[in-house]
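S.K.: Submitted below is the structure of interest, expressed as structure tokens.
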Amino acid sequence: MAALEELKKKLSPLFDAEKGFSSSSSLDPNDSYLLSDGGTVNLLSRSYGVYNFNELGLQKCTSSHVDESESSETTYQCASHEMRVFGAIGSGASSVVQRAIHIPNHRILALKKINIFEREKRQQLLTEIRTLCEAPCHEGLVDFHGAFYSPDSGQISIALEYMNGGSLADILKVTKKIPEPVLSSLFHKLLQGLSYLHGVRHLVHRDIKPANLLINLKGEPKITDFGISAGLENSMAMCATFVGTVTYMSPERIRNDSYSYPADIWSLGLALFECGTGEFPYIANEGPVNLMLQILDDPSPTPPKQEFSPEFCSFIDACLQKDPDARPTADQLLSHPFITKHEKERVDLATFVQSIFDPTQRLKDLADMLTIHYYSLFDGFDDLWHHAKSLYTETSVFSFSGKHNTGSTEIFSALSDIRNTLTGDLPSEKLVHVVEKLHCKPCGSGGVIIRAVGSFIVGNQFLICGDGVQAEGLPSFKDLGFDVASRRVGRFQEQFVVESGDLIGKYFLAKQELYITNLD
């Protein structure tokens, strides 16, 4: 009991009797926001400057004064109306993450949505935006594509690289544990990202855990979720706030002592322990106080030496030193025998990740999203239709009515003629697609062949039958309650050969065949 009382005394500035542990001490006391009549949100922070969000994107300013337009530094054009948003792929305490297709470049992204009216979430948003803006395109961190504000929902959406292999936490749910050679390759690349955060950006992440370590189907692991990271002026500076996931928190942070980069090394060691053994080394289901007492009082956990290599055990032991000064840096860990031992084996991380999850469901989800994207463009507003041209390359082929068109310009012209014919001169004459059947099969490396079969009806919006991926703003076919046969004015069959691009989530149409029958 004495230990418990001592812990509570140490944490008293951070403990709220009604709400439990609070992270309020991490907030910028000068954080505020302004909402203009024009639908622009100005997030202001003495620490970070001004970030202006509206439906057209994000503008980052160097000055802390909103009216100093000449201080504008960077603009990210990522508009809300250019996003085709699908269902949620995850959620956390402060945000929801959804898949989306960015219409201008036809790339699948992850949209992280955050409510701006809660101060703590607003501070986390500022921190994450700042980190992502100042660490562009580093191979160990998820890519940032922009952000925008939606007045109707009061949310700011951050557009991020879509990591289609999920997180290490997702992988553990399927495999229970990850082999050492795979972990060596994974953590080699993750350490490079962490080294960049610490050594170049001078940031303590403060929430390293399997759920925040992502990987794509190309086998590229990356660190995400920078909402509670903290900046330090130099390598000797220290933090003094209590935020992050208690489960992976270092002893010095639990004691409410000042801390620095070694806190992330402890969390990384626990994450590796869990990934390698398949078990979290502490009892985590008896409440946060009990867990923190274990971390403070129990000896640091070590893997069973009879089951794991000496190099793996040594790496874990080095990370989980109670004394933060005794832990190695991320740079030093890159030279650890556990990392260097497997360098010559060239573990194929892409093959490993692709073997984990059901490829059938992944393929079906991809086919659903790309089908919705294409027909929503075709049957949608004219101001977005021109983006369809970039779905094709100069070697793409489109076939219709015995004619073959090659290249993006020819194909777009042919499709525009068909689209104009189906649209008619009056709204009452517009024909739209209803996809009644959708078939798909894999094609090449990451591609898919899609065959859509359906009807034309008079209407103003594309529809798709079935229980697959749903898109925001697209009505459910079941809820409409009408019989397609009674409104059918023609049928169509269309086949698409979709190939993946160089970037994750980027696709183009290599071949397309269209057949229209019984059109009155």
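Using the three backbone atoms N, Cα and C, a Cβ is placed for every residue, glycine included.
Taken from Swiss-Prot, the feature phosphoserine applies to Ser69, Ser235. According to Swiss-Prot, the domain 'Protein kinase' annotation covers 83-339, on the basis of sequence analysis. Among the features that Swiss-Prot reports, ATP binding site is placed at Ile89, Gly90, Ser91, Gly92, Ala93, Ser94, Ser95, Val96, Val97, Lys112, with the record citing sequence analysis. Residues or ranges marked as active site, proton acceptor by Swiss-Prot on the basis of sequence analysis: Asp207. Summarising the annotation, Swiss-Prot assigns phosphothreonine to Thr241, Thr245. Residues or ranges marked as domain 'NTF2' in Swiss-Prot (evidence: sequence analysis): 366-516.
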S.K.: Quick one: Cα separation, Asp207 (active site, proton acceptor) versus Ile89 (ATP binding site), in Å?
M.R.: 20
S.K.: For Asp207 (active site, proton acceptor), list the number of other Cβ atoms lying within 10 Å of its Cβ atom.
M.R.: 22
S.K.: I'd like the Cβ neighbour count for Ile89 (ATP binding site), meaning other Cβ atoms within 10 Å of its Cβ, all protein chains included.
M.R.: 16
S.K.: Relative to the Cβ position of Val97 (ATP binding site), how many further Cβ atoms are located within 10 Å?
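M.R.: The answer is 20.
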S.K.: Roughly where does the domain 'Protein kinase' (83-339) sit in mean pLDDT, to the nearest integer?
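M.R.: Taking every residue of the domain 'Protein kinase' (83-339) together, the mean pLDDT is 86.
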